[in-house]
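Before any comments, here is the structure.
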Amino acid sequence: MDTGCPRLPDTVLFEIFLYLDHADVLSVGLVCQQWRAVARDEFLWKELFYRYYRVSRDVPRHPGAVSWYDEFQRLYDTIPCVEVQALKEHNDQVLHLSFSHSGCLFASCSKDCTVKIWSNELDISLQHSSNMRPYNWSYTQFSQFNSDDSLLLVSGVFVGPHNSSSGEIAVISMENFTLLSRVRNKPYDVFGCWLNETNLISGNLHRIGRITSCSVLWLNNAFQGIESENVNVVKRLFKIQNLNASTIRTVMVADCSRYDSPDLLLDYEEQLAASSSCPVFDLGSDSEEEEAKPKLPPEPAVQELPDAGGVPAEHGLQQLFDDIMEGRVRPAMTETELETKVAELFVRNRTKPPEPNLLPTDSNSKTKYLIFTTGCLTYSPHQIGIKRILPHQMTTAGPVLGEERRSDEFFDSLDHVIDIHGHIIGMGLSPDHRYLYVNSRAWPRDCVISDPMQPPPIAEEIDLHVFDLKTMKEVKRALRAHRAYTPNEECFFIFLDVSRDFVASGAEDRHGYIWDRHYNICLAKLQHDNVVNSVAFSPVEQELLLTASDDTTIKVWRSPRAVRIRQARRPRPRKLLFSWLMNQKS
């Protein structure tokens, strides 16, 4: 059939494609049979894809894609970039969003001190709201559903005596929205997380000196008021020393048993990278001093003190005191340097060694990783600590203080440390728990920290790093597009989320952002009127995304394809009924 559309040379068609937006290209391909044939030309669509999205030609096609035409259509048609609803039930900044695993519910936390439960139906509606002010909370900041969606963990800031602020975790039943238990959480930005269906992890902080402290991570039973008379409801998991005003924050749990069946493998650049098994690596330091340091042996180990010379810690501490008293320490140490040096020497022979062979070898392993932000140079979080949780540690049964410790195992060591060389402001796991995504704001290159209370200035650009938790290596280059403006002392967490194919994050520039995980390209900017604090993909429908902002709204975004499908499903009035209504008006 002649459509009246003249056949253009392929080269001309290709140049036209380059200047048309997605909708024009696809609609023309559907209307005109001649163009439709060209639209199915794999060579043309491959060239268009690489040039339009500015993807490096070293990047292969998505492993799940059937053709370049379908891949171009996927990136145009399945990105949740169409605003379909704005939820305005909160009356203050909305800080966090979390979906239930079934995708039927989601929770929101806000500076208005409520946690709201929403029903994710055709149109999202509010199902329940819990006000936490009667429990002396200042605001709610984080929530997480347990694995069977029967319980909701809610984390908030608790106002204690003399207006001191700490954290508290509440557990709410999803059956009748009753409050089951409350657990103290210090500092409040530990947030807390579920370890399994009925046990959650909280933190506590004990000051040892002005800039030295000890973080204790606790395992808590969610049903404390019910079971406390019969069984233990709390057990100490780990006790970790903090140096230079650092603390453990932002805990989360990764399930190692899911590593061998990832949703998406990010391995095309990994094959080109040189293999490295160093347990501690630095993403930002290119200084000559760092390059001159000898490589550490490829096993997790507590960082050694320089010039220790193998001297036992007790002898080293005594030697330090003798040197100070006799004036042999040159130049003179500041009070801060002295405290750090003493703490390092004290902890050296009083720390339980790390678990051997951190990387999981058994695909059926029940081992889990506890992941958290920490540091060693300053109070701003600049390292990621990883500690293995063994199966016998995943219950509150046994002694409250955990297994009996020897005097030389007073502290627990970290099994793995990742140095980000910047201020960490967000973390999120891929759905298969294989990859860890980290938002950070970089420090200046070659910066030197002489005072732990004065961290380096941080960049406005946010880097989104990706780490493979199976190999403990960084994969891909850092994603960039989003920005933040607050200085170190005012810096706050910006929550990100990861779906099967996409990763999304908030930002301080009044936008949410979406990237493609495979191609490492930014696909969409989602507009708000203020800072975007949190994003959340539906776990069962990645074409649905929520964004939460300081503008007090939660916006609901769907893909163009999902919008068309949902509009087609909406019932339309029958013609006879419509005619009758029009006649009644006349």
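Glycine residues also receive a Cβ, built from the backbone N, Cα and C atoms like all the rest.
What TrEMBL says about this one:
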type	residues	note
DOMAIN	2-48	domain 'F-box'
REPEAT	87-119	repeat 'WD'
REGION	283-309	region 'Disordered'
REPEAT	525-557	repeat 'WD'
Within-chain partners of the repeat 'WD' (525-557) [C-beta distance under 8 Å, separation at least 6 from its ends]: 78-88, 90-103, 106, 108, 110, 120, 124, 431, 481, 492-502, 504-508, 510-514
Mean of pLDDT values spanning the repeat 'WD' (525-557): 97
Secondary structure tally of the repeat 'WD' (87-119) (DSSP, helix then strand then coil): 0 helix, 19 strand, 14 coil
